[in-house]
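Pulled from TrEMBL:
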ACT_SITE  His94  active site, proton acceptor
BINDING   Asp95, Gly100, Asp102, Ser104, Glu114  Ca(2+) 1 binding site
BINDING   Pro192  substrate binding site
BINDING   His222  heme b binding site
BINDING   Thr223, Asp263, Thr266, Asp271  Ca(2+) 2 binding site
DISULFID  Cys63-Cys144  disulfide bond
DISULFID  Cys96-Cys101  disulfide bond
DISULFID  Cys150-Cys339  disulfide bond
DISULFID  Cys229-Cys252  disulfide bond
DOMAIN    53-340  domain 'Plant heme peroxidase family profile'
SIGNAL    1-25  signal peptide
SITE      Arg90  site 'Transition state stabilizer'
Amino acid sequence: MACSRAMVAMIGLVVAALLFPAALSSTRPDQLISMTTDGQYHSTRPVVTIADGLTADYHDVSCPDLRGIVRTAVVEAVQGDITIAADLLRMFFHDCFPQGCDASILLLGTPWSEMRMPPNLSLDIRRKVAFLMEDIRAKVHEACGPTVSCADIMALATHDAVVASGGEPYHVPLGRLDSFEPAPLRFVEELPPPTFSIDQLIAAFRSRSLDEKDLVVLSGAHTIGKARCATFSDRFPNSDSDDFVRRLQDNCTTDVNRRQDLDVTTPEKFDNKYYINLKQGKGVLTSDVQLLLNKTTRGYVNDFADNEWWFWNQFGSSMSKMGMLQGPQGNVGRIRQQCY
(Lines of atoms letter the chains of each structure in order from A; the text may use other names.)
(Lines give C-alpha, C1' and ligand atoms only; values in the text may rest on other atoms or scores of the structure.)
Protein backbone atom coordinates (compact mmCIF):
# COMPACT_ATOMS: atom_id res chain seq x y z
CA MET A 1 0.00 0.00 0.00
CA ALA A 2 2.83 2.44 0.92
CA CYS A 3 4.57 1.68 -2.36
CA SER A 4 1.35 2.32 -4.27
CA ARG A 5 0.86 5.69 -2.55
CA ALA A 6 4.42 6.70 -3.32
CA MET A 7 3.90 5.79 -6.97
CA VAL A 8 0.73 7.90 -7.15
CA ALA A 9 2.51 10.84 -5.57
CA MET A 10 5.39 10.50 -8.02
CA ILE A 11 3.02 10.41 -10.99
CA GLY A 12 1.26 13.50 -9.64
CA LEU A 13 4.55 15.41 -9.45
CA VAL A 14 5.51 14.39 -12.99
CA VAL A 15 2.14 15.51 -14.37
CA ALA A 16 2.38 18.81 -12.51
CA ALA A 17 5.86 19.39 -13.87
CA LEU A 18 4.70 18.71 -17.41
CA LEU A 19 1.60 20.86 -17.19
CA PHE A 20 2.90 23.72 -15.04
CA PRO A 21 6.70 23.89 -15.32
CA ALA A 22 6.82 27.67 -14.96
CA ALA A 23 4.69 27.63 -11.84
CA LEU A 24 6.91 25.05 -10.13
CA SER A 25 10.12 26.83 -11.07
CA SER A 26 8.90 30.27 -10.00
CA THR A 27 7.57 29.35 -6.58
CA ARG A 28 10.53 27.66 -4.94
CA PRO A 29 10.51 28.51 -1.22
CA ASP A 30 14.06 29.85 -1.41
CA GLN A 31 12.92 32.52 -3.88
CA LEU A 32 10.30 33.93 -1.56
CA ILE A 33 10.73 36.26 1.38
CA SER A 34 8.54 37.31 4.23
CA MET A 35 8.75 39.90 6.95
CA THR A 36 7.87 38.45 10.32
CA THR A 37 6.55 40.23 13.38
CA ASP A 38 10.10 41.08 14.41
CA GLY A 39 10.38 43.30 11.35
CA GLN A 40 13.16 41.23 9.82
CA TYR A 41 13.31 39.74 6.34
CA HIS A 42 14.09 36.04 6.11
CA SER A 43 15.31 34.55 2.83
CA THR A 44 18.12 32.47 1.40
CA ARG A 45 18.06 34.42 -1.85
CA PRO A 46 16.49 37.65 -3.11
CA VAL A 47 12.92 37.59 -4.37
CA VAL A 48 13.83 40.34 -6.85
CA THR A 49 16.86 39.79 -9.08
CA ILE A 50 18.74 41.48 -11.91
CA ALA A 51 17.09 41.09 -15.31
CA ASP A 52 18.86 39.97 -18.48
CA GLY A 53 18.40 41.43 -21.93
CA LEU A 54 17.97 45.12 -21.07
CA THR A 55 20.17 47.47 -23.10
CA ALA A 56 20.53 51.23 -23.44
CA ASP A 57 20.03 51.05 -27.23
CA TYR A 58 16.95 48.82 -27.11
CA HIS A 59 14.68 51.38 -28.85
CA ASP A 60 17.25 53.05 -31.10
CA VAL A 61 15.77 51.54 -34.26
CA SER A 62 12.09 51.25 -33.34
CA CYS A 63 11.85 54.70 -31.73
CA PRO A 64 14.89 56.89 -32.46
CA ASP A 65 13.20 60.04 -31.08
CA LEU A 66 12.31 58.41 -27.75
CA ARG A 67 14.88 60.06 -25.52
CA GLY A 68 14.29 63.51 -26.98
CA ILE A 69 10.52 63.25 -26.52
CA VAL A 70 10.85 62.15 -22.91
CA ARG A 71 13.54 64.69 -22.06
CA THR A 72 11.60 67.64 -23.49
CA ALA A 73 8.45 66.74 -21.54
CA VAL A 74 10.27 66.13 -18.25
CA VAL A 75 12.38 69.28 -18.39
CA GLU A 76 9.26 71.34 -19.06
CA ALA A 77 7.45 69.65 -16.17
CA VAL A 78 10.33 70.12 -13.70
CA GLN A 79 10.76 73.77 -14.68
CA GLY A 80 7.07 74.29 -13.96
CA ASP A 81 7.10 72.29 -10.70
CA ILE A 82 10.42 71.30 -9.12
CA THR A 83 8.69 68.72 -6.89
CA ILE A 84 8.14 66.56 -9.98
CA ALA A 85 11.77 65.40 -9.79
CA ALA A 86 11.50 64.04 -6.24
CA ASP A 87 8.06 62.60 -6.95
CA LEU A 88 9.37 60.70 -9.97
CA LEU A 89 12.30 59.30 -8.00
CA ARG A 90 10.05 58.07 -5.22
CA MET A 91 7.48 56.66 -7.64
CA PHE A 92 10.20 54.80 -9.54
CA PHE A 93 11.57 53.25 -6.32
CA HIS A 94 8.10 52.26 -5.14
CA ASP A 95 7.45 50.65 -8.52
CA CYS A 96 10.72 48.71 -8.73
CA PHE A 97 11.04 47.43 -5.16
CA PRO A 98 7.99 45.13 -4.85
CA GLN A 99 8.37 42.99 -8.00
CA GLY A 100 10.73 44.80 -10.36
CA CYS A 101 10.33 47.84 -12.59
CA ASP A 102 7.13 47.12 -14.52
CA ALA A 103 5.02 50.32 -14.19
CA SER A 104 2.51 48.40 -12.08
CA ILE A 105 2.32 51.35 -9.68
CA LEU A 106 0.82 53.51 -12.43
CA LEU A 107 -2.31 51.34 -12.67
CA LEU A 108 -4.77 53.62 -10.92
CA GLY A 109 -8.08 52.32 -12.22
CA THR A 110 -8.61 49.31 -9.95
CA PRO A 111 -9.79 49.07 -6.32
CA TRP A 112 -6.63 47.09 -5.50
CA SER A 113 -4.20 49.52 -7.17
CA GLU A 114 -0.83 49.90 -5.47
CA MET A 115 -1.61 53.55 -4.75
CA ARG A 116 -4.38 52.38 -2.40
CA MET A 117 -2.08 50.06 -0.44
CA PRO A 118 -0.82 51.34 2.96
CA PRO A 119 2.87 51.84 2.06
CA ASN A 120 1.84 54.01 -0.92
CA LEU A 121 -0.97 56.11 0.50
CA SER A 122 1.30 59.16 0.68
CA LEU A 123 1.98 58.74 -3.05
CA ASP A 124 -1.58 59.71 -3.89
CA ILE A 125 -0.60 63.35 -4.34
CA ARG A 126 1.87 62.10 -6.90
CA ARG A 127 -0.84 61.03 -9.30
CA LYS A 128 0.44 63.94 -11.37
CA VAL A 129 3.45 61.71 -12.12
CA ALA A 130 1.13 59.05 -13.54
CA PHE A 131 -0.59 61.68 -15.66
CA LEU A 132 2.79 62.95 -16.88
CA MET A 133 3.81 59.41 -17.83
CA GLU A 134 0.58 58.97 -19.79
CA ASP A 135 1.11 62.28 -21.56
CA ILE A 136 4.62 61.21 -22.58
CA ARG A 137 3.41 57.75 -23.62
CA ALA A 138 0.84 59.32 -25.95
CA LYS A 139 3.55 61.42 -27.61
CA VAL A 140 5.95 58.49 -27.89
CA HIS A 141 3.34 56.14 -29.36
CA GLU A 142 2.19 58.81 -31.77
CA ALA A 143 5.75 59.19 -33.02
CA CYS A 144 6.80 55.53 -32.99
CA GLY A 145 3.73 53.36 -32.55
CA PRO A 146 3.19 51.16 -29.45
CA THR A 147 6.81 50.04 -29.21
CA VAL A 148 7.85 51.53 -25.83
CA SER A 149 6.51 50.43 -22.45
CA CYS A 150 5.36 52.73 -19.68
CA ALA A 151 8.06 51.12 -17.53
CA ASP A 152 10.79 52.24 -19.94
CA ILE A 153 9.27 55.71 -20.18
CA MET A 154 9.26 56.06 -16.39
CA ALA A 155 12.89 54.91 -16.17
CA LEU A 156 13.96 57.50 -18.74
CA ALA A 157 11.79 60.21 -17.18
CA THR A 158 13.33 59.58 -13.74
CA HIS A 159 16.81 59.90 -15.21
CA ASP A 160 15.89 63.16 -16.93
CA ALA A 161 14.33 64.54 -13.74
CA VAL A 162 17.58 63.85 -11.85
CA VAL A 163 19.61 65.65 -14.51
CA ALA A 164 17.12 68.54 -14.70
CA SER A 165 17.48 69.09 -10.94
CA GLY A 166 21.29 69.19 -11.00
CA GLY A 167 22.40 65.55 -11.10
CA GLU A 168 24.62 63.83 -13.64
CA PRO A 169 23.49 61.55 -16.52
CA TYR A 170 23.67 57.77 -16.01
CA HIS A 171 23.11 54.59 -17.99
CA VAL A 172 19.42 53.67 -18.39
CA PRO A 173 18.82 50.04 -19.43
CA LEU A 174 15.68 49.58 -21.56
CA GLY A 175 13.48 46.79 -22.83
CA ARG A 176 11.04 46.30 -19.95
CA LEU A 177 7.47 45.17 -20.38
CA ASP A 178 4.51 46.55 -18.45
CA SER A 179 2.69 44.55 -15.81
CA PHE A 180 -0.88 43.42 -16.50
CA GLU A 181 -1.96 44.22 -12.95
CA PRO A 182 -0.76 45.83 -9.70
CA ALA A 183 1.83 44.07 -7.56
CA PRO A 184 0.42 41.84 -4.79
CA LEU A 185 -0.12 43.53 -1.43
CA ARG A 186 2.35 41.14 0.25
CA PHE A 187 5.16 42.45 -1.97
CA VAL A 188 4.18 46.11 -1.65
CA GLU A 189 4.15 45.73 2.13
CA GLU A 190 7.85 44.84 1.93
CA LEU A 191 8.73 48.43 0.99
CA PRO A 192 10.99 49.64 3.84
CA PRO A 193 9.27 52.35 5.93
CA PRO A 194 11.16 55.44 7.17
CA THR A 195 11.13 54.03 10.72
CA PHE A 196 13.31 50.99 9.94
CA SER A 197 16.54 50.32 11.83
CA ILE A 198 19.79 49.94 9.92
CA ASP A 199 19.67 46.13 10.22
CA GLN A 200 16.14 46.09 8.83
CA LEU A 201 17.12 48.42 5.98
CA ILE A 202 20.09 46.27 5.00
CA ALA A 203 17.98 43.11 5.07
CA ALA A 204 15.23 44.75 3.02
CA PHE A 205 17.63 45.92 0.34
CA ARG A 206 19.42 42.57 0.21
CA SER A 207 16.07 40.92 -0.42
CA ARG A 208 16.00 42.96 -3.63
CA SER A 209 19.57 42.19 -4.77
CA LEU A 210 20.77 45.57 -3.48
CA ASP A 211 23.71 45.91 -1.08
CA GLU A 212 24.81 48.41 1.56
CA LYS A 213 26.33 50.77 -1.00
CA ASP A 214 23.06 50.77 -2.96
CA LEU A 215 21.15 51.49 0.26
CA VAL A 216 23.27 54.53 1.10
CA VAL A 217 23.52 55.95 -2.39
CA LEU A 218 19.82 55.52 -3.20
CA SER A 219 18.98 57.19 0.11
CA GLY A 220 20.84 60.14 -1.39
CA ALA A 221 17.74 60.79 -3.49
CA HIS A 222 16.54 62.52 -0.32
CA THR A 223 18.73 65.43 -1.40
CA ILE A 224 15.51 66.63 -3.05
CA GLY A 225 11.95 66.19 -1.87
CA LYS A 226 9.90 66.56 1.27
CA ALA A 227 8.33 64.36 3.96
CA ARG A 228 5.17 64.79 5.99
CA CYS A 229 5.58 65.28 9.73
CA ALA A 230 3.97 61.90 10.41
CA THR A 231 6.85 60.10 8.69
CA PHE A 232 9.44 61.28 11.23
CA SER A 233 7.30 61.86 14.34
CA ASP A 234 8.81 58.68 15.83
CA ARG A 235 11.90 60.82 16.57
CA PHE A 236 10.05 63.35 18.73
CA PRO A 237 10.15 61.44 22.05
CA ASN A 238 13.95 62.00 22.06
CA SER A 239 13.76 65.66 21.07
CA ASP A 240 14.95 66.92 24.49
CA SER A 241 18.49 65.77 23.73
CA ASP A 242 18.64 66.92 20.11
CA ASP A 243 18.25 70.56 19.07
CA PHE A 244 17.63 69.68 15.40
CA VAL A 245 14.88 67.19 16.25
CA ARG A 246 13.33 69.71 18.63
CA ARG A 247 13.16 72.25 15.80
CA LEU A 248 11.51 69.63 13.59
CA GLN A 249 8.99 68.93 16.33
CA ASP A 250 8.27 72.64 16.87
CA ASN A 251 7.66 73.13 13.15
CA CYS A 252 5.27 70.17 13.08
CA THR A 253 3.42 71.41 16.17
CA THR A 254 2.86 74.72 14.43
CA ASP A 255 1.57 73.01 11.27
CA VAL A 256 0.65 69.30 11.47
CA ASN A 257 0.32 69.18 7.68
CA ARG A 258 3.79 70.57 7.15
CA ARG A 259 6.01 68.90 4.55
CA GLN A 260 9.61 69.10 5.68
CA ASP A 261 12.56 69.40 3.28
CA LEU A 262 14.66 66.24 3.55
CA ASP A 263 17.75 68.24 2.61
CA VAL A 264 17.70 71.29 4.88
CA THR A 265 20.54 72.99 3.01
CA THR A 266 19.82 72.81 -0.77
CA PRO A 267 16.39 71.13 -1.00
CA GLU A 268 15.83 71.82 -4.70
CA LYS A 269 19.25 70.84 -6.01
CA PHE A 270 20.49 67.31 -6.65
CA ASP A 271 23.83 67.31 -4.84
CA ASN A 272 25.65 65.62 -1.96
CA LYS A 273 24.49 68.01 0.79
CA TYR A 274 22.20 65.27 2.16
CA TYR A 275 25.29 63.37 3.37
CA ILE A 276 26.94 66.50 4.74
CA ASN A 277 23.75 67.22 6.67
CA LEU A 278 23.76 63.67 8.08
CA LYS A 279 27.29 64.10 9.40
CA GLN A 280 26.19 67.35 11.05
CA GLY A 281 23.26 65.68 12.79
CA LYS A 282 20.65 67.11 10.44
CA GLY A 283 19.05 63.98 9.04
CA VAL A 284 15.24 64.14 9.00
CA LEU A 285 14.00 60.54 8.79
CA THR A 286 14.91 57.74 11.18
CA SER A 287 16.08 55.72 8.17
CA ASP A 288 18.45 58.58 7.26
CA VAL A 289 20.02 58.77 10.72
CA GLN A 290 20.32 54.98 10.88
CA LEU A 291 22.88 55.06 8.05
CA LEU A 292 25.41 56.37 10.57
CA LEU A 293 24.93 53.43 12.95
CA ASN A 294 26.67 50.78 10.84
CA LYS A 295 30.38 50.84 10.06
CA THR A 296 29.94 50.03 6.37
CA THR A 297 27.06 52.40 5.66
CA ARG A 298 28.69 55.16 7.74
CA GLY A 299 31.80 54.81 5.61
CA TYR A 300 29.77 55.40 2.45
CA VAL A 301 28.07 58.43 4.02
CA ASN A 302 31.51 59.90 4.72
CA ASP A 303 32.75 59.10 1.22
CA PHE A 304 29.78 60.73 -0.50
CA ALA A 305 29.89 63.76 1.80
CA ASP A 306 33.56 64.30 0.95
CA ASN A 307 33.29 63.74 -2.81
CA GLU A 308 30.24 64.82 -4.79
CA TRP A 309 31.52 63.28 -8.03
CA TRP A 310 31.89 59.94 -6.28
CA PHE A 311 28.28 60.22 -5.16
CA TRP A 312 27.02 61.04 -8.65
CA ASN A 313 28.98 58.17 -10.17
CA GLN A 314 27.69 55.66 -7.63
CA PHE A 315 24.15 57.02 -7.77
CA GLY A 316 24.07 56.35 -11.50
CA SER A 317 25.36 52.80 -11.00
CA SER A 318 22.78 52.02 -8.31
CA MET A 319 19.92 53.55 -10.30
CA SER A 320 20.89 51.45 -13.32
CA LYS A 321 21.05 48.37 -11.09
CA MET A 322 17.68 49.08 -9.50
CA GLY A 323 16.22 49.75 -12.94
CA MET A 324 17.09 46.20 -13.96
CA LEU A 325 15.27 44.51 -11.09
CA GLN A 326 12.66 41.90 -11.89
CA GLY A 327 10.59 39.59 -9.70
CA PRO A 328 10.16 35.81 -9.93
CA GLN A 329 7.72 36.37 -12.78
CA GLY A 330 10.56 37.66 -14.97
CA ASN A 331 10.28 40.38 -17.60
CA VAL A 332 6.79 39.41 -18.69
CA GLY A 333 3.82 41.52 -19.65
CA ARG A 334 2.96 43.79 -22.53
CA ILE A 335 3.33 47.33 -23.82
CA ARG A 336 0.29 49.03 -22.38
CA GLN A 337 -1.80 51.34 -24.54
CA GLN A 338 -2.44 53.52 -21.49
CA CYS A 339 -0.07 53.93 -18.57
CA TYR A 340 -2.72 54.30 -15.89
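Heads up, the Cβ atoms here are built off N, Cα and C, so glycines get one too.
Unlike curated records, TrEMBL annotations are generated automatically.
A separation of roughly 12 Å, to the nearest angstrom, links the Cα atoms of Thr223 (Ca(2+) 2 binding site) and Arg90 (site 'Transition state stabilizer').
For the disulfide-bonded residues Cys96, Cys144, Cys150, Cys252, counting C-beta atoms within 10 A of each C-beta gives the highest total at Cys150. The 10 Å shell around the Cβ of His94 (active site, proton acceptor) contains 22 further Cβ atoms across the protein chains shown.
The record gives Thr223, Asp263, Thr266, Asp271 for Ca(2+) 2. Within 8 Å of the mean position of their Cβ atoms, the other Cβ atoms in that chain belong to Gly166, Ile224, Thr265, Pro267, Glu268, Lys269, Phe270, Asn272, Lys273, Tyr274. Same-chain residues with CB within 8 A of the center of the Asp95, Gly100, Asp102, Ser104, Glu114 CB atoms, the Ca(2+) 1 site residues themselves not counted, are Cys96, Pro98, Gln99, Cys101, Ala103, Ile105, Ala151, Ser179, Pro182, Ala183.
Within the set of recorded positions His94, Cys150, Cys252, the entry lying nearest in space to Asp102 (Ca(2+) 1 binding site) is Cys150 (CA atoms). Here is what falls inside 10 Å of the CA of the residue listed as 'heme b binding site' among the recorded positions Arg90, His94, Asp263: Arg90, Asp263. Candidate binding-site residues: Gly100, Pro192. Fewest other C-beta atoms within 10 angstroms, Pro192.
Highest local Cβ density among the disulfide-bonded residues Cys63, Cys101, Cys339 belongs to Cys101, counted as other Cβ atoms within 10 Å over all protein chains shown.
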